[in-house]
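Read the structure below first, then the notes.
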Amino acid sequence: MKEMVRLQGITKKFGNNVIIPSLDLTIYDGEFITLLGPSGCGKTTLLRMIAGLETPTEGSIYLDDENVTALPPYKRDVNMVFQHYALFPHMTVEENIKFGLMMKKVPADEQKERVAQVLYLTQLEEFRNRRPQQMSGGQQQRVAIARALVNNPKVLLLDEPLGALDYQLRKNLQLELKNLQRGLGLTFIYVTHDQEEALTMSDRIVVMNKGVIEQDDNPDNIYHYPSTKFVAKFIGESNFFDTETETLALRPEKLNLCEEAESEDKAAAHPEPAFYGTVVDVVFYGTIDKVFVRLDNSNQTVVAYQYFDDVKRWTPDERVGIWWYERDEVKVQR
Amino acid sequence: MMKNGKLLVAPALLWLSIFFVIPLLIVVAVSFAGRTPYGQVIFSFTIDNYLRFLEPLYLKIFADTLVVAIVTTLATILMGYPLAYTIAQLPKKWQQPGLILVMIPFWINFLIRSYAWVIILRSQGVVNTLLLNLGLIDQPLQMLYNDMAVMLGMVYALLPFMVLPIYVSIEQLDTRLLEAASDLGAKPLTAFRKVTLPLTMPGIAAGTILVFISSLGMFVVPDVMGGAKSALIGNLIQNQFLSARDWPFGSALSIVLAVLSLVLIILYYKALQAQEGGDGDAKDVA
């Protein structure tokens, strides 16, 4: 695969405040890669450094094999979709989209053609003469994407582009964006703190915490085989069991509940419970019940997801055994 | 507000009608009145006062005033914009002190400040004494009592009125728009021309209105620093009321000035509306 962006020994400090200690990352051509992490983890700073809006304190940034570390944003062949769109309020939709082409002195008829193309692609044709402030959030979002895409950048940078939209709209736009990226074969670097968004859209997820990459893998592995406790906690829910030598992470849907006193043949049908405990709460979530169990002889409460076709529905104060298959255990770094 | 707060605006309305609307109506009435040779106002209806304004002498004063006002406005834009921009780029904690420095002259009476300029610029003044003692000049430079002095005084007096509205509009400017412009390939100067300047135009326009209208009516500066040669319309009006005791003509001149100002303000709002492109309608369409 062809390298598109290479970050080499990137360090970023604001005064004495170290945002990114030292980071290496390679992004390949045509990839949809997501930088995922809580706010303040350095993901946006990293994206802004690729755009040229921030300068790394140390390290180098390569774009398509060219060292761009010292280049200002207007000399880099990348474009950004900003978190709050940052559309020019004194220009129409069409003027906003045309801005980048005008800056690059693209011939007028080619400008027209390319603008028409992205207007079609983003279904904005009927809004071309509107001002941004006359449009809904979802429409403004599309304009922001069109304004960046029209320049045919080598890499499209997206900084929480769906963060300001409501849930339903976000869901729809996630799919649209993913399809757009697949269709154009463009490299997308996407920043979000929304793990669900990351899992749905990405080819690869880079989970960041305090400026450090915790895990860099495909969504499947990130979810099923988190390599650190942080990743297991940040993406989905996890139960942790500490043994003398290691920590085991278990997804709630992998925990099974059984009655404390079972008939022999029932008990023989599954592994022996690792723990016994008392149900403290049962919360209905539509497709599942979340059952919270306080373990005997410890303060730990674990959560197990119960699908209704599985087993009986539990009620608080019931005694339960908790068992799982060994294959579902994930050893994580503490 | 209008529904439930009607009573709350009553004091302001009362105040304005007693001390603003009624006096204004009196001035309008007087501008159509005649006078006795000793300056007594006689209430009769005549437009002579307005016709007198059309005499070449007065038209020339009016034209001079317009030129001074226009030059003053342009000079305050050229000096005020960079100043306002610089203050707006300062770290947050230095912006307030910066603005206070711009406004500190207001703490001192304007007449006193004008005389301060006289002390600085006159033949035996600070500047000339310094230059003479340094041997840079043989005889004092004539810096007072000419058009340059009037212009200098006007710009000095009105600069804050340009800086403040421009500062506000720059300060409100979303810096992410500049990042977006840069990201889309605009060099800093282009980004300024295409984004910063158009979006801070309302500040420039507001400053222009404030400075232009204030300089149209200014009489202290030409009086103190311009000497007898530079009479502007403000001085003319002042003379009609205080020396010539021709209240009707003074009133007519005031009304001409007021109407001109009003027209300018209306044009300003029209231009502003056109620039915002009918912002108010159809805000949330989908």
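Here the Cβ of each residue, glycine as well, is placed from N, Cα and C on the backbone.
Nobody curates TrEMBL annotations by hand; they come from automatic prediction.
Per TrEMBL, transmembrane segment is recorded for B:57-78 (among others). Within the chain, the transmembrane segment (B:57-78) has long-range Cβ neighbours (under 8 A, six or more residues past its boundaries) at 147, 150-151, 154-155, 158-159, 161-162, 204, 207-208, 211-212, 215-216, 230-234, 236, 253.
If you look up TrEMBL, you'll see B:62-268 marked as domain 'ABC transmembrane type-1'.
If you look at the transmembrane segment (B:99-120), the same-chain residues 6 or more away from its ends with a CB under 8 A from one of its CBs are 83, 87, 126-127, 144, 149, 152-153, 156-157, 159-160, 163-164, 167, 220-221, 224-225. Annotated transmembrane segment per TrEMBL: B:99-120 (among others), in sequence order.
Under the heading transmembrane segment, TrEMBL lists B:148-168 (among others). Away from its own ends, the transmembrane segment (B:148-168) comes close to residues 68, 71-73, 75-77, 79-81, 83-85, 87-88, 99, 102-103, 105-106, 110, 113-114, 117, 121, 200, 203-204, 206-208, 210-211, 214-215, 218, 221-222, 224-226, 230, 232 of its chain (Cβ-Cβ under 8 Å, at least six residues beyond either end).
Cβ atoms under 8 Å from those of the transmembrane segment (B:199-221) belong to residues 65-66, 68-70, 72-73, 76-77, 80-81, 84, 110-111, 114, 150, 153-154, 157-158, 161-170, 173, 177, 232-235, 237-238, 257, 260-261, 264-265, 268, 271-272, 275 of the same chain, restricted to positions at least 6 beyond its ends. What TrEMBL records for B:199-221 (among others) is transmembrane segment.
According to TrEMBL, the feature transmembrane segment maps to B:249-269 (among others).
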